[in-house]
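According to Swiss-Prot, the feature signal peptide maps to 1-22. Sequence annotations record features per position, and here Swiss-Prot assigns domain 'Peptidase S1' to 31-254. The disulfide bond feature in Swiss-Prot is assigned to C56-C72, C180-C197, C206-C230. If you look up Swiss-Prot, you'll see H71, D116, S210 marked as active site, charge relay system. Here Swiss-Prot flags D204 as site 'Required for specificity', drawing on similarity to another entry.
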Amino acid sequence: MLKFAVLLSVLACALAGTIPDGLLPQLDGRIVGGYETSIDAHPYQVSLQRYGSHFCGGSIYSHDIVITAAHCLQSIEAKDLKIRVGSTYWRSGGSVHSVRSFRNHEGYNSRTMVNDIAIIRIESDLSFRSSIREIRIADSNPREGATAVVSGWGTTESGGSTIPDHLLAVDLEIIDVSRCRSDEFGYGKKIKDTMLCAYAPHKDACQGDSGGPLVSGDRLVGVVSWGYGCGDVRYPGVYADVAHFHEWIERTAEEV
């Protein structure tokens with residue numbers, strides 16, 4: 001199955017009819033093949049929450065801006081969103097902030113998953129400290145084979161229904177887009193130029209890590225977007241390519 005699985009008690013109705021058959025948004029899952037980590041190691045990581053439940057990740061861009069995936073915010077109103085920052089645990093700790101507004105990329109397509117990126121403005125400025133920091137966005141793609149890390153909260157298996165409290169992370173390698181769409185893997189032409197792939201055998205982001213950070217060289221290089229299964233050797237994880245959206249992020253962060 002695809003790694004996108006909606007937390008049924010929270011978002012199933014909101015997302016019905018907007019995602020292609022077999023391609024459900026990855027809104028509440030876990031890192032596959034990874035390890036427990038702390039927010040001090042990933043101080044840019046946030047938890048997007050609705051009705052008190054974690055459903056997506058995100059990355060701190062500035063004192064009042066968070067970057068996430070567009071598919072996380074379909075059929076959702078800003079007043080229903082909360083952002084927890086500064087905690088290793090999505091359920092407690094740190095601080096929780098209301099959302100003033102958000103904007104999905106104008107070219108986002110829920111069928112092809114192109115332009116799967118969004119900007120959130122929170123109500124109050126964040127106070128930066130060791131557990132709450134912005135991350136710089138990439139202005140060029142990392143090289144093929146570069147080490148990257150993805151972090152998030154989620155279930156213990158693809159399609160699972162419970163999520164751990166503790167933040168998890170996994171180390172991956174960047175795969176060039178042309179290689180990701182080659183016969184070596186199973187995606188073919190589904191991989192577009194707005195996307196970035198990362199891979200390690202039996203390691204991956206999974207349901208619930210959506211919108212979260214893929215970081216390489218201390219830069220945000222990707223936003224967790226989609227993929228078939230979790231940790232399937234035939235299918236790398238697919239991310240929104242942050243370098244491709246660099247100008248859009250800067251502009252939208254001023255406008256939203």
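Each Cβ is built from the backbone N, Cα and C atoms, and glycine gets one as well.
On the structure: features taken from Swiss-Prot.
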{"residue": "C56", "record": "disulfide bond", "Cβ neighbours (10 Å)": "32"}
{"residue": "H71", "record": "active site, charge relay system", "Cβ neighbours (10 Å)": "28"}
{"residue": "C72", "record": "disulfide bond", "Cβ neighbours (10 Å)": "30"}
{"residue": "D116", "record": "active site, charge relay system", "Cβ neighbours (10 Å)": "31"}
{"residue": "C180", "record": "disulfide bond", "Cβ neighbours (10 Å)": "23"}
{"residue": "C197", "record": "disulfide bond", "Cβ neighbours (10 Å)": "25"}
{"residue": "D204", "record": "site 'Required for specificity'", "Cβ neighbours (10 Å)": "30"}
{"residue": "C206", "record": "disulfide bond", "Cβ neighbours (10 Å)": "34"}
{"residue": "S210", "record": "active site, charge relay system", "Cβ neighbours (10 Å)": "32"}
{"residue": "C230", "record": "disulfide bond", "Cβ neighbours (10 Å)": "31"}
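In three-state terms derived from DSSP, C197 (disulfide bond) belongs to an extended strand segment.
The CA atom of D116 (active site, charge relay system) is located 6 Å away from the CA atom of H71 (active site, charge relay system). Note: the CA-CA distance between C206 (disulfide bond) and C56 (disulfide bond) rounds to 11 Å.
It is 14 Å from the Cα atom of C197 (disulfide bond) to that of S210 (active site, charge relay system). The two recorded residues, D204 (site 'Required for specificity') and C230 (disulfide bond), have Cα atoms 6 Å apart. Across the domain 'Peptidase S1' (31-254), mean pLDDT in this model comes to 95.
The recorded positions close to S210 (active site, charge relay system), defined as a CA atom within 10 A of its CA, are C56, H71, C72 out of C56, H71, C72, C180, C230.
Under the three-state DSSP scheme, C72 (disulfide bond) falls in the helix class. With respect to their backbone Cα atoms, H71 (active site, charge relay system) and C56 (disulfide bond) stand 10 Å from each other.
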